[in-house]
Amino acid sequence: MSAQARLEQVSGHLRGKKTSRDAILEKHPDDIVVACAVRTPFTRGGRGLLKDTPAQDLLAHILQALISRSGVDPSLVEDIAVGSVLAPGGGATEFRAAALVAGFPATTALRSVNRQCSSGLQAIVDVANQIKAGMIEVGIGAGVESMSSQYGPAAVSEFSPLLDSHPVAKTCKVPMGVLSEQMAQDLHITRTAQDTFAASSYQKALDAQRASHFADEIVPLTVKWEDPKSGEMKEVVVEKDDGVREGITAESLGKIRPAFAEEGSIHAGNASQISDGASAVLLTKRSTAHRLSLPILGTYISSTIVGLPPLLMGLGPLHAIPKLLSKTSLQIADIDVFEINEAFASQCLHCAQELGIPAEKVNPAGGAIAWGHPLGATGARQVGTLLGGLKRKKGRVGVTSMCIGTGMGMAALWVAEY
Amino acid sequence: MLEFRTEGFNGYGVKYSPFFDSRVAVAAAANFGLVGNGRLYVLGLTPNGIVAEKWFDTQDSLYDVSWSESHENQLVVASGDGSIKLFDVAFNDFPVQSWQEHRREVFSVHWNLVAKDTFCSSSWDGTVKIWSPTRPASVLTLPTQTCTYSSAWSPHSPSILSAVGSDSYLRLFDLRLPPSTSNHLALNLPVHSAPHPPSEALTHDWNKYRETVVAVAGVDRLIRTFDIRAMRQGPLAVLAGHEYAVRKVAWSPHLPDLLLSASYDMTCRVWTDGSAPGNGKVPAPIAKELGRMPRHTEFVTGVDWCLFGAEGWCASCGWDERLLVWDVRAVIGR
């Protein structure tokens, strides 16, 4: 019982009003806590080892892994929300069936959620709010996407003449690459800056992968895979993200031809990769976690959603993050790590610079440019990456954020515990 | 005003005897309770001023004291080394019983006012414990998971007790509830409410007349009174005025609306929570400060009402090594 500890206790009483950061670092029995966060490896769409595994199987696998890694009694999980963008019908039927396969009893409910690239985060926030409101005690927010099998023109139906007649509404269907190219030009985000940012994403991801930083997050799985050379179906073990590659530099990226305009700046190397994968997060109240002896990785504090003109969708985080910080009376300096989804190097870089976030705080283990962006799974993937990253950096407070197709942005505030 | 110097020891807690109107106990600690010994004073209020009838030295700081409700010579103290000791004024030097269960500083002890055969303690180790002076180990441990500064029995029920601490929550335990996973926890609600952020709650006390009313105060300098039947609806009254954290609140044993507080701002203040009814001539009062006692020259850590005699006598102690005995009526309106 040291004098120092006693002195700190008394000086805490005298400091009086705490900072907003101190306030969110405190533990309360009704905190919404993350008890476990897992994901599959992310592999390249159409080429990676998960290309022949349907989204529903990825989901079944990751839900099963969540049960075994957290040790939660599946019968205590009351609801599951699954973010998914491309699955026809939202995947509602297959996902419910996948939960049953994973070992959840019929009493565990499930729904699918689609808010484009933030679907995984929206699923988590929905479940957190359900717990906060007293609707459920234990829930899962998850996300899954098989872009190999479900990405393509069929994912959006034709716009009606009515929608097409509206000058802003019709811009909702402008492809992401095209509008981002335009935005990069308008905002004078140079190709060199984008390539440098992208190369550093690859480098950070590679370093993190070599240091096995994702061992706690990634759950390996065994799947059937068609060898494109022989056409033979093989059983393979998928253990790591295959989008992360060696030897990528700003110079090597500088040689790639632009994808969306002759003189453009955006190409396959400085945009997020098309990928397959699934992720899941177990949420409950702190008091319930204590009662059930569940681990606690972190706390969910708050989240925000913003809308902006569809053509400026890449600026989503630029609007969502300040709204989140003002709601929680925090400043950029109070945040230790930002996980901002790298839909495109251009938009992620621009948002971080405009917000004045030091580069070392942004995506310290790389982002979607290096690992890939299985649309629905990214939001839940970020939570595991953030909490793990905060622990490694000895930080506490983090933000996850992403831009959302059709012009939206979402951000959420987390506190890591370790 | 009467005064006693607890020389070399900074006061942490003061309690009037429930049996004698002339006896006061003070729990004190050397070096501001940061490191070093503790001392329990048993003081007599005599025509010749305040005299030390007895004192007991302890290994570590003492942070609180509570008189036995069943034995006029016995009292328990809360110690910095996690121990709880029962002293008997009729014996010298050593405690008649000592319990070592808490893993960190014990910050409150409170005797059951109704059952009279148990007392409770709370500690920085995140637990509240219930004890019987006749048993060698605690009767019950109630986890709070937070540094718990204050625990108190309801003066109206033998089985209801409450605790407040760092996490800004008021916990109510009802020992009649079955000992399920909730550990007798009947109520667990935040003390703070918008626009105020959570803030460490350092002290609380049950109203002696209105059995569902509790006052809570702490680091945010506010004293709040609650009806525990409707805590979610927010406080009944919010008493603002202290310039630093409030260390102790005590409801009057004589009047249902009167409250005393002690603070790091070196004052004791007298408050009404505005609950006294009005009549035709006098309008109902509003919640407000009625007066203050500014004579302490350091943090005031403890204050207690005398149960006997003329209504309004009280005692306060603080880090200025002084016990002051004074009349609340003399400071009202000042």
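In case you wondered, yes, glycine gets a Cβ from its N, Cα and C as well.
The active site, acyl-thioester intermediate feature in TrEMBL is assigned to A:CYS117. Sequence-distant neighbours of A:CYS117 (active site, acyl-thioester intermediate): residues of the same chain at least 6 apart with a C-beta under 8 Å from its C-beta are A:VAL85, A:ASN341, A:ALA343, A:HIS373, A:LEU375, A:THR378, A:GLY379, A:MET402, A:CYS403, A:ILE404, A:GLY405.
Taken from TrEMBL, the feature active site, proton acceptor covers A:HIS373 (among others). In the three-state DSSP assignment, the secondary structure recorded for A:HIS373 (active site, proton acceptor) is coil.
For A:CYS403 (active site, proton acceptor), the count of additional Cβ atoms within 10 Å of its Cβ stands at 31 [all protein chains shown]. Per TrEMBL, active site, proton acceptor is recorded for A:CYS403 (among others).
Residues or ranges marked as domain 'Thiolase N-terminal' by TrEMBL: A:32-286.
According to TrEMBL, the feature domain 'Thiolase C-terminal' maps to A:296-413.
Only residues 6 or more beyond the boundaries of the region 'Disordered' (A:1-21), in the same chain, are considered here, and those with a CB under 8 A from a CB of the stretch are 328-330, 334, 397. Residues or ranges marked as region 'Disordered' in TrEMBL: A:1-21.
Here the domain 'Thiolase C-terminal' (A:296-413) is broken down by DSSP into helix, strand and coil counts: 58 helix, 30 strand, 30 coil. Summarised by DSSP class, the composition of the region 'Disordered' (A:1-21) is 15 helix, 0 strand, 6 coil. Across the residues of the domain 'Thiolase N-terminal' (A:32-286), the predicted structure has a mean pLDDT of 95. Around A:HIS373 (active site, proton acceptor), a 10 Å sphere centred on its CB holds 27 further CB atoms from the protein chains shown.
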